[in-house]
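Right, one structure below, let's go through it.
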Amino acid sequence: MDGDRVEIDGGIMEGGGQILRVSTALSCLLGLPVRVRRIRAGRSQPGLRPQHLSGLEIVRDLCDGKLNGGEIGSTEITFTPGKIKGGTHIADTKTAGSVCLLMQVAMPCVLFAASPSELHLKGGTNAEMAPQIDYTVMVFKPIVEKFNFTFNCDIKRRGYYPQGGGEVVVQMSPVKELSPINLTERGTVTKIYGRAFVAGALPIKLAKDMSSAAVRCIRKEIRDLYINIQPVREPDDQAVGTGSGIIIVAETSTGCLLAGSSLGKRGKNSDKVGIEAAEMLLKNLKHGGTVDDSLQDQLIIFMALAKGVSRVKSGPITLHTQTAIHFAEQLTKAKFTVTKSEKEDPSNDTYIIECQGMGMINPNL
């Protein structure tokens, strides 16, 4: 602590942009000034990239905060938050940087704003190393709304690597407090569905090939379920650039949603894209958890803010999740425990993530 500024080491554990997102969102919510050093020290190109800077700028704008060191390549920033207000805010990475990662940093903040918010997030909607926007809408949204809030996510335009150009509009109203969640019963898989998409110069045949390859792969393990993966060509007026990919979601009898996804790129066979997504889904189903690897770490900040005890059953704890827990505990009074799930077949790698939340109250409502 430097005076009352919290010191954050951005190079430990996962060592990437996630540390920045979790710590600046919590700084904004708790009114705690932070200094983050060694930003993304674990990456081949350390320091702030355009999407990280856009994320910092939107949080700064949301709360009339002060940001020092906010330039591309910077490895140290200080952030002093102000009061969170609602209204319309724009964040534009001007690259294919992920709009979903912008959403991850802004969403917890606007939940505790003084009035409703509308976020215009611009960049890549289907980017590598980040959740695809389809994942955010099909999996993240229905599960995170169990914390007792709702949001609307309107995909205006899709944007792909390398130029981005996508736009998503998120509308949210503030809440008084968040309820805890209990996601410990997986139930049985009742349906499998998804979308295989192409945009720009690519033919619909590629989407059909991705879809068929994914279905064949899943059929080897799951024989008796109808699998509906729609091949789609994005309308030209709703997509910038050329891209392709697939997302497949498994829904269970208890309302759990687990997914597998993959993106196409030049020189990558479309069957391989479909098979990658299918194998990721099957791997997520095998561990017996109620959330997949991608959702695990995204729930941590909400568990930390909620009032009461949240429990989530998951597969092996990812480094992203361990990192989110570490910084949530460092900045809030939330307490996490991770224990091996006893009820499972011992060969299953299943864990219970439990959190006694801090019970954040919105002072504006």
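Placed from the backbone N, Cα and C atoms, the Cβ positions cover glycine too.
Database features, via TrEMBL:
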{"type": "ACT_SITE", "residues": "His320", "note": "active site, tele-AMP-histidine intermediate"}
{"type": "BINDING", "residues": "Gln104", "note": "ATP binding site"}
{"type": "DOMAIN", "residues": "13-338", "note": "domain 'RNA 3'-terminal phosphate cyclase'"}
{"type": "DOMAIN", "residues": "184-285", "note": "domain 'RNA 3'-terminal phosphate cyclase insert'"}
Rounded Cα separation (Å) that holds between His320 (active site, tele-AMP-histidine intermediate) and Gln104 (ATP binding site): 13
Local Cβ density at His320 (active site, tele-AMP-histidine intermediate) - other Cβ atoms counted within 10 Å: 20
Spatial neighbours of Gln104 (ATP binding site) that are distant in sequence (at least 6 apart) but have CB under 8 A: Arg21, Ala25, Gly55, Gln298
Summary of DSSP states over the domain 'RNA 3'-terminal phosphate cyclase insert' (184-285), given as helix, strand and coil counts: 35 helix, 37 strand, 30 coil
Local confidence of the domain 'RNA 3'-terminal phosphate cyclase' (13-338) - pLDDT mean: 97
